[in-house]
Amino acid sequence: MLVGTWNVNSIKIRKEQVEKLLSEKSIDILALQETKVKTEEFPSFIFKKLGYEVYHQGGKGRNGIAILSKFKAEEIITGFKGLKEEDQFPDVKERIIGVKFSSPNTREYWVFSVYIPNGSPVNSDYYFYKLQFLWKFREFLEANFSKEVPLIIMGDFNVAPEEIDVYDPEILKENICFTERERKAFKALLGFGLVDALRLKYPEKSGVFTWWDYQFSAFNKNQGMRLDHILITSPLIEKLENIWVEKTPRSWEKPSDHAPVLAEFKI
């Protein structure tokens, strides 16, 4: 099974690019972030024509997450289900969607599309909102799942976890998405029992990025950050066959500033 995640930075602008990626790669499940449309405005018909089920939760012209799947969902959750009302965030349902599937080769498994707040600028209210969101996401997982449940959590986490995940750690030190507190919160999330799938396969591979600034010819110079991740629980470790960043869409006309991340599983 081939799965992937992609921050499309507006589905209205890049619906044809998503359609092209799905068709060329024959992806089974694709998680999208920053769709930037209301739930009812998502162009579902395009993907349904290709044989995909569409699960989307939108916002008011910003945020928005979706899962496109060749399989029908058995259950869908959005936001921080299971947490108290005071533990919810105003836009959490635009940032987290989870879908339960089953297959002949494995027991039930969940796939999530996640869009963590950017948090810019550092030390602003938005920054602390982001940190709280990451910590609360772990609480949500603990309230609903165990680490023995097969989970594939994909999305734009807006955190580069290690120095190897940015093009220049000294230049970017304490910049947004690479501050010590963000990285600590991300590691705490992994502490639930999640594994960074790319680092599982390629623990020391450098120069692997998923986001490049539109300015300064950053993509051509490969001056980027690895902000988009596929996280898995232990039951899926042996089922992971390969994972890579599909950089080609970043070179297309009017691209997203993110590239898709794709992974193959024996499911």
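Sequential numbering from 1, following the chain as shown.
In case you wondered, yes, glycine gets a Cβ from its N, Cα and C as well.
Database features, via TrEMBL:
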DOMAIN    4-258  domain 'Endonuclease/exonuclease/phosphatase'
BINDING   Asn7, Glu34, Asp156, Asn158, Asp257, His258  Mg(2+) binding site
ACT_SITE  Tyr115  active site
ACT_SITE  Asp156  active site, proton donor/acceptor
SITE      Asn158  site 'Transition state stabilizer'
SITE      Asp228  site 'Important for catalytic activity'
SITE      His258  site 'Interaction with DNA substrate'
ACT_SITE  His258  active site, proton acceptor
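Asp257 (Mg(2+) binding site) sits 15 Å from Tyr115 (active site), taking the CA atoms of both as reference points. Across the residues of the domain 'Endonuclease/exonuclease/phosphatase' (4-258), the predicted structure has a mean pLDDT of 97. The local packing around Asp257 (Mg(2+) binding site), expressed as other Cβ atoms within 10 Å of its Cβ over all shown chains, amounts to 18. If you take the Cα of Asp156 (Mg(2+) binding site) and the Cα of Asp228 (site 'Important for catalytic activity'), they are about 4 angstrom apart, rounded to a whole number. In the three-state DSSP assignment, the secondary structure recorded for Asp156 (Mg(2+) binding site) is strand. Taking the Cβ of Tyr115 (active site) as reference, residues of its chain lying under 8 Å away and at least six apart in sequence are, in sequence order, Asn7, Gln33, Glu34, Asn63, Gly64, Ile65, Glu94, Arg95, Ile96, Gly155, Asp156.
Sequence-distant neighbours of His258 (Mg(2+) binding site) (same chain, 6+ apart, CB under 8 A from its CB) are Trp6, Asn7, Val8, Asn9, Asp156, Thr210, Trp211, Leu227, Asp228, Arg250. Packing around Asp156 (Mg(2+) binding site) is summarised by its Cβ count: 29 other Cβ atoms lie within 10 angstroms of its Cβ, all protein chains included.
Non-local contacts of Asn158 (Mg(2+) binding site) by the CB criterion (under 8 A, 6+ apart in sequence, same chain) comprise Ile116, Pro117, Asn118, Gly119, Lys130, Ile176, Cys177, Glu182, Leu227. Of all the Cβ atoms in the protein chains shown, 26 others lie within 10 Å of the Cβ of Glu34 (Mg(2+) binding site).
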